Amino acid sequence: MSETAATPPQPSLWQEEVRATLHGVGAAWQMLRTRKVRTPLPRVPMDQTVELLCLFLLACGVVAGTLVLVDPLVLGLRARLPLELVRVFERVTDLGLGSVVLIPLGVAFLFLLATLRRFDPLYRRVAAAVVARLGFLILSVTGVSLFVLVVKYALGRARPSLAMTLPGPHPHLTFEFFRLKASYASFPSGHSAVVFSFAVALALLFPKARWWLIGLAVLVATSRVVLGSHYPSDVLASAALSTAFVFFMAKVFAARRLVFAVAADGTIRPKPGPSMRRLLALFSPAHRTNGSKEA
C-alpha cells in the first residue's frame, strides 16, 4: 500500500502580504539605522551650539511671557465669540488629530512596502522614494507627538475650560503633576504638535508651499485656543518643539542621503521626487512584474 506524502499547506495571499509588509518595515528601519553617514555633514539653520542655546532661551522666554501675560486673557474666549465662528473652528480643529494625519500616511506606507517587490525595477525605485518620504513624515509626526503626550500628562496643567471653575487668583497657572486626566493635559498641545510637525516636515519637502502649510498649522493651533482646549503658551510650546524635532529628523535623513541632499557647505535641500505621472503609475498593473516572489 503506497503512502502519499502530505502536501504542506501553502500560505494564503493575505499571509504573504503581511509577511512582505513586516519584512519591508524591518528592512526600512535597518537601512535608516545602519546606512552610512556621509560627508559633508548636514547642517540646518541654527545648527551651532551657541545659536541653539540662544534660540532655546528665546523660545522659553516667549512661552513663559505668554503663559503669564497672555494666557489669562483667553479664559472664557469661546463664550465671547459668535456661534458660527466657533462651529467653523470645531471643524478645523479635527485636522490636528493624530489619526487624521497618521492613518493615511501609515496605510500608504504599509501598502507600498507590501507591494514593493511586485514593481518592475524602475517603479520599484519610484516606490522606494515614496516610502522614504512617507517614513520621514511618519517619524517626524509620531516622534514629537509621543514626547508631547508624555510631557503634558506629566506636567498636568489644567485646561482653560477647567481653570475657569478653579479657585484662586491665577487658575491658568494650575499644574498638578502626574494627574493623568485629560482635563489636566493642557501643556503642550497635542493637536498643535501633530499639525506643526506635519506642516514643517511637508514644508521641507515642498519649500514653495511652506507658507500655506504653516498658515494651516497656525489656523488649527488657533482653533485649540478658541475652543477653550488650550492656552496660547500651549500651542507655542508645541510649535517650537515640533519645529526643532522635524529639523533633527531632517538632519538624520540627510546625513544618510535619504530624502534630502547635502550641499558642499552642509545646507540641506530636498531631493527631486517622483513626478505626479509616475506616482499615479504606481497603481497601474502595467508596471508590475508577473511573479510576486523573488529568488
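Including glycine, each Cβ sits where the backbone N, Cα and C put it.
Curation plays no part in TrEMBL annotations; they are all automatic predictions.
The shown structure was predicted, so the numbers you read here are calculated from the model rather than taken from an experiment.
Now, the feature entries from TrEMBL:
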type     : residues : note
TRANSMEM : 52-75    : transmembrane segment
TRANSMEM : 95-114   : transmembrane segment
TRANSMEM : 126-155  : transmembrane segment
DOMAIN   : 133-250  : domain 'Phosphatidic acid phosphatase type 2/haloperoxidase'
TRANSMEM : 184-206  : transmembrane segment
TRANSMEM : 211-229  : transmembrane segment
TRANSMEM : 235-254  : transmembrane segment
Mind checking which residues reach the transmembrane segment (126-155)? Cβ under 8 Å, same chain, six or more beyond either end.
24, 28, 32, 98, 101-102, 105-106, 108-109, 112-113, 115-116, 119, 175, 177-180, 184-190, 193-194, 197-198, 200-202, 205, 238, 241-242, 245-246, 249-250, 253, 258-259, 271, 273-274, 278-279, 281-282
Rounded mean pLDDT for the residues that make up the domain 'Phosphatidic acid phosphatase type 2/haloperoxidase' (133-250):
93
Under 8 Å, at least 3 Cβ pairs, sequence separation 6 or more: does that hold for the transmembrane segment (235-254) versus the transmembrane segment (52-75)?
yes
Could you give me three numbers for the domain 'Phosphatidic acid phosphatase type 2/haloperoxidase' (133-250), the DSSP helix, strand and coil residue counts?
88 helix, 2 strand, 28 coil
